[in-house]
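To start, the structure under review is shown below, and the notes come after it.
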Amino acid sequence: MGKYFGTDGVRGVANSELTPEFAFKLGRIGGYVLTKDATDRPKVLIGRDTRISGEMLEGALVAGLLSIGVEVMRLGIISTPGVAYLTRIMSADAGVMISASHNPVADNGIKFFGPDGFKLTDAQEEEIEVLLDAQEDTLPRPIGADLGSVSDYFEGGQKYIQYLKQTVDEEFDGIHVALDCAHGATSSLATHLFADLEADISTMGSSPNGLNINDGVGSTHPEGLAKFVLEKDADVGLAFDGDGDRLIAVDENGKIVDGDQIMFIIGKYLNAVGRLKKQTIVSTVMSNMGFYKAVEDNGMQSIQTAVGDRYVVEEMRANDYNLGGEQSGHIVFLDFNTTGDGLLTGIQLVNIMKATGKKLSELAAEMKIYPQRLVNVRVTDKHAVTENTKVAAVIAEVEAAMAGNGRVLVRPSGTEPLVRVMVEAATETACERFVERIADVVRAEMGLTD
């Protein structure tokens, strides 16, 4: 991670940390770095989620891109994976998504995609950061006919949906799907997609007003969907986040099915039909111990990466794997798209239910989940935790007490000013005790409370 770029682009409080002035500068510099080698008039696609600040930042970003001579196509409200897909198949020089994903409405972010639909390399981000910190703007300033132009391509979302439908073998008639769109980017896309696939649909979290994105709904609040599934007597619930790049599911009994379980279910099915490359699933260090055991017990392997879907994708690309993801619900199918995709994951999951004739509860029951607790501690310097001797000492103390029957992971968040404390243990009681013991020391040492 650099000065401006985190694990998922540039983020901050909109109009305070992430200002329109900065967005203009980022558009200008990002546009230059990503299109300077273009032989024709460069083209960049821009999408956004439903946050009130999206239009403000989009306007500034577009102005910056136009000032460097880029042809801009605005996609309107669309999911992050939708932007990645369209960037690739429309032969654009770059794509940009304006979103802070699952973060609160006050936050926003800007993430770039290269012409191949993948997120930027570290080298590209570093080049942009160097120019952002330059004392003087020496980039080209085209005039007249060489200035950029802007157009709208709002039908891009429908093009993306048509593509997704081609990735499944079954129609979903007879399956009642409850959708929670987090009042975000999938609010329209999800309903159209599942209706086209003949599912019976009930929806919540699909009335965005600019302020309600992720507010008690979506993949970070699946308990609301769990109640909704029971109320509507649905067969499955699918909760997306604000920008639609992650999915958390709920079974017909209202029980939450997380990203680890979803990865296992899909991995097992793909392996059975001969479509799981190298019989391997790529996950992160945050995956539950039960995931690793279930993968191994079913004749598959797992590879661990650092937390962040970009690291999962890097490992998948480097070693030719086609399935990976995170417990948080970022699931990547490299056969179909270049980034985590909630809608794609959702239809693959329902497709497996239809193909096997099994309920989601039956599919999920094949993986035992070990008790796990995650506590987020808000701090000013999240990286200082890695060098704190008292934090290191309490981690060692807890690990010794668990005697190999559990694990501890303490790390700085890649996108927020948080230290994440995760503990897995043999029992819920031990898990709770150990995670609070470590979190208390982190709070005391960092000098802040949640």
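Note: Cβ is positioned from N, Cα and C throughout, glycine not excepted.
Here is what Swiss-Prot says about this protein:
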- Ser101: phosphoserine (MOD_RES)
- Ser101: active site, phosphoserine intermediate (ACT_SITE)
- Ser101, Asp241, Asp243, Asp245: Mg(2+) binding site (BINDING)
* Asked: Distance between Asp241 (Mg(2+) binding site) and the residue listed as 'phosphoserine' at the Cα atoms, whole Å?
  -> 6
* Asked: Three states by DSSP: which one describes Asp245 (Mg(2+) binding site)?
  -> coil
* Structure fact -> Cβ neighbour count (10 Å, all chains) around Asp241 (Mg(2+) binding site) is 34
* Structure fact -> For Ser101 (phosphoserine) and Asp243 (Mg(2+) binding site), the CA-to-CA distance in whole Å is 5
* Around Asp243 (Mg(2+) binding site), how many other C-beta atoms are within 10 angstroms of its C-beta? -> 35
